[in-house]
Every structure is written in C-alpha cells, then in structure tokens.
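Here is what TrEMBL says about this protein:
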TRANSMEM  B:20-43  transmembrane segment
TRANSMEM  B:88-110  transmembrane segment
TRANSMEM  B:122-144  transmembrane segment
TRANSMEM  B:165-183  transmembrane segment
TRANSMEM  B:195-220  transmembrane segment
TRANSMEM  B:251-273  transmembrane segment
TRANSMEM  B:293-315  transmembrane segment
TRANSMEM  B:327-349  transmembrane segment
Amino acid sequence: MNSAALIIAEVVPLVTPETTFDVPANVVFAVQAVVMIFAAIRVVTTKNIVHAALWLVVVLGGVGLNYILLQAEFVAVTQFLVYLGAVIVLFLFGVMLTRAPLGVSDDLDNNQKKIGIGVGVALLAVLSYALIESFGRSELTFAAYEGVAGPNTNGRTQAVSDAIFGQYLIPFEMLSLLLLAALIGAIVLARRD
Amino acid sequence: MTQAVLHPILGLELAYWQETTIRVLLGLVALLLLTGGAVYLYLFKFVSFMQSRLGPMEAGPYGSMQLLAEVGKWLQKEDIFTEDSDKFIFGIAPAVVLASTFLMFVVIPAGPNAVVADLGTGIYFVLAMSSLSVIGILMAGWASANKYALMGALRAGGQLIAYELPLILAVVGVVISAGSLNLQDIVAAQSDGAIFGWTGIGNPYILTQIVGFTIFLIAVQAELTQTPFDMPIAESELVAGYQVEYTGIRFLVYFIAEFATAVAFAAVASTLFLGGWQLPGAWGISDGAMNAIGPIMISTKAVLLVGVVFWVRFSLPRFREDQLQKLAWKVLIPLALANIVVTGVMKVVF
C-alpha cells in the first residue's frame, strides 16, 4: 500500500454516506416547477378574471406540493387549508359577488405593467441572492427524519410545533397580534355607524 | 431505496408501490360500499318509513338494487353543456369536489394497519382537504352561466366558510385532550384512557368533549349542505342551486360526493369522539385480528352517525340565510372557543 492510498483511506470515512439525490423527488419537483411557472404566467396573461384566480389555485397548490417534497408536512397542509381553502375561496367569492363575466374581458390590464415587471424582477433578484447566500451549499437529506417516530410522520409535525412554541414563540405571538389588529381594523372599516 | 416489507395483514412480501395500490383500492371499495349502503338505508328506506311509505321495492329484494338501477340511468343520460357555459371549468368542477372527498379518506384509520397513509397531521389533513370542495362548487356555479347556479354557489361559499371555523375549533378540544393530530394516536388515547380510574371502556371523548361533539355534528350538517342548512341547493328558491345545469354522469358525481362526504365526516366524528376502530376497552385482541374487526367497528359507528345526519335532514325545515350565519358566528364559534379554553385548563389541572 503506497502513501497516496493511505491518505485517501484516512480522509474518506469507512461508511460512505447514503446518497441524498432522491430521483422521484427531483422528477416531481421539475414537473411541478414547470407547471407552476406556466400557471403563474397564465395568472397575469389570461383575459378572464375567474380563470386568473383558478390558475392561482394551480400555483398555490404547487407551493403546497413543494413543501411536501421538502418533508414539511404540517406546513403543506396549512398551505392547502389557508391558501386554497380560504384565500382563493374568498378571491372567487368576492369576484363572483361583484363582477365576473364569462368569456373574454379586455379591460383587465392597467398602465402599471412596467412598474409591476420591475418590482417582480427586483424581488426575484433579492430572494435568489438571499437563498443562495444562506443555503447555497447545503443539501436536503431525505433520510433525515427516518426512524424518528416509527411508521407514521408524527416527528415532523412535532418538530414544527416545538419550533413555533419554543424558539419562535415571541414572533408567533406578535403575528397573532398583528392578525388580530387587522381583523379589528376590517370590522371598523366595514361598520356603517 | 424502499425495501419490501412483510405485509402485516396479507403476510406477503410487497413493494411499497404494491402495498400503496392495494391500500388505495381497498379504501375506494370501502368508501363506495359504505356510501351506497348509507344511501339505500337512509335516503331510500329510512325516509320512506318516516313518511309512511315503502320506498323502492321493485329492483332486487326490498329494492336493494335500486341504487344500481339509478346509476345505470344516470350513466345513460346525455351529458349536456349549455351554450354560454365555460365548458372546461364546468366539466372539471365535479371532479374537484369528488377529489376533495376522496382525499379525506386517506388518513381515516380502520385498524392498527388498515389505513391508506398514517400521516402525522391526521385530522388537520382531513379538514384541509374537506375545505377544497368549495372551490369546485364556486367553479360549477360560475361556469354554468345561470343566475340560480351562481347564487347557489355564492350561498354555498358563504356557508362553508362560516361553518369551517366551528368545525375546526370543535376538533381542537379533542386534539388538546389526546395531545396529537394523528388519528391513530387519538384512537389510542381514547382506548387507553380511564373514566375516574375505571378502564372498562377506555375514555371515548364524547364524554368529556360532548360540547365539541355537538358543535362538530351541527357544523357537519352545514358543511354537507343538508337540511336545515340546504340554502345552496334550496329547490323552492334556486331550483337546484349550483347543480342546476348538471345532468348525467356529472350530476351523479355530485350525488356520490355529497353522500361520500357524509360518510367521511361520520367516520371522522366516530374516530374523534366514539373511539374509532377500537372496541370499547381493548380486550387484548391481537393487531392482526383488529385489522379485520376494526373496519366493521368504524363502519358501524359511521353509518349510525350518518343516520343522525339524515334523521335531522328529514325532520327539520330549512333555516333562513341570516339565521344560518347568526348560528355560526354568534353561537357556535364562541361556544367552540370557550370549549377550547375549558379543555386547555382541565388538561393543565388534571
């Protein structure tokens, strides 16, 4: 055994770490990303306001799917409940209650298109920079939670709840206060007297 | 790589995808059998006897094949799209509603291993999936190009949003008591519990959470848009609400979704409040045997609860729209919040 092989034997750990390149997850992510981008473009280009809201269902559902791929089950279910079950329903409800003609309507565009594109690109740049700076080199280990709580997925839900009601308790409570303030504000605005 | 595991019920070595396929197919069969059984038992016979008539008697013994005859009739009918309707959205709206119903069944356990997916989010997943049906109903009402359909869909939207809150808040009491969102854990917490030290029948949460159980059943009645909360399809006001333009197989899909959702909510209520698939007291029966007894237990409980839904449906007249909203926002939600506070205090004290 020469010295080069010895050095390699010292550096490389005896047990090779299990590969984290999870093929099905990556395939699903690719398909879902393409569908989401297409749907997001359709949200702003479609000529019918209800269709725009329904394309938004595809985008927000895709976000939920993304959370599932990241093994954040609780967050995914929250995404479905809050965004699809409540926010989109309120969109559709409000649109249908006021004005929602069938077929094509041409007055959905306004003159803020260029500002909108600018803001969108700036947001993309800032978010991309922040994400690559903080997570650029870390890999998701798909085996991370295995064996935490047996056959079910309780462990992941418990991890989220421990984080919210432990480390992030104060921000969580502040957000509740903010939402409460918004709720009271809405009631004040809606009251006639 | 997922390795082949010894299947706990069949005793066979199955790959992950094979096991999942078997679970999904068995779940679908169980769902359709229970739904068909509940429709025959309650919609055809129970209501007929309440109204002093016999109900269907011709197809099969005591009319038991009537449902198959009805399905055959619907399948033969022409699938009509009205001239002005938004064809694509009109076409897929029933599928959205049915998918929402089917997804609810994924996490409902019928035995120690007899469940499609034992998710940690359990009951939360059920509630999230049940809330998706509103999108399908709004799509149907809008795409029909019919003002009655649109009014029905808007009524359905307002009603389902209003009653989702008491539904979720009523469940929170059970979740606090059991200390888990997982439905298997909730079943275990009930069968392992004790009533003042007596462990004979465990501690089904209908005893400690009777307020939550009542709120849950009222909210379910409204979520299912059954009388006295059937304003979205009120036949004397809106013809048939959001279903008015549907015929043939698409109407059949709405019909199946309505009653399958009733069975799903009844199964959830029996899991949360009546001990689920577990016998009263565990009796030391092995897990393998419970996988056969459990489905019978939960089916019985669920069908009995569907009976309660239909009993109310055929007994009470329809509420007014403002009474419906008042009941949800001024009675059920404050009551459910009070229930959560009391349950939390009791959990800390005992």
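Every residue gets a Cβ built from N, Cα and C, even glycine.
Note: TrEMBL annotation is automatic and uncurated.
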Query = Taking B:122-144, B:165-183, B:251-273, B:293-315, B:327-349 as candidates, which has the most Cβ pairs under 8 Å with the transmembrane segment (B:195-220)?
reply = B:165-183
Remark   = Relative to the transmembrane segment (B:293-315), the stretch among B:88-110, B:122-144, B:165-183 with the most Cβ pairs under 8 Å is B:88-110
Message = Is it true that the transmembrane segment (B:88-110) and the transmembrane segment (B:327-349) have 3 or more CB pairs under 8 Å, sequence gap of 6 or more?
response = no
Query = In terms of Cβ proximity under 8 Å, which residues at least six beyond the ends of the transmembrane segment (B:20-43) contact it?
reply = 10, 14, 63-64, 66-67, 102, 105-106, 110, 114-117, 256, 259-260, 262-264, 295, 299, 302-303, 306-307, 310
Message = I'm a bit unsure how to read this: which one of B:122-144, B:165-183, B:251-273 has the highest number of Cβ pairs shorter than 8 Å with the transmembrane segment (B:327-349)?
response = B:165-183
Inquiry  = Checking distant contacts: for the transmembrane segment (B:165-183), what same-chain residues at least six beyond its ends satisfy Cβ-Cβ under 8 A?
reply    = 107-109, 115, 118-124, 126-127, 189-190, 205, 208-209, 211-213, 215-216, 218-220, 223, 271-273, 276, 328, 332-333, 335-337, 339-340, 343-344, 347
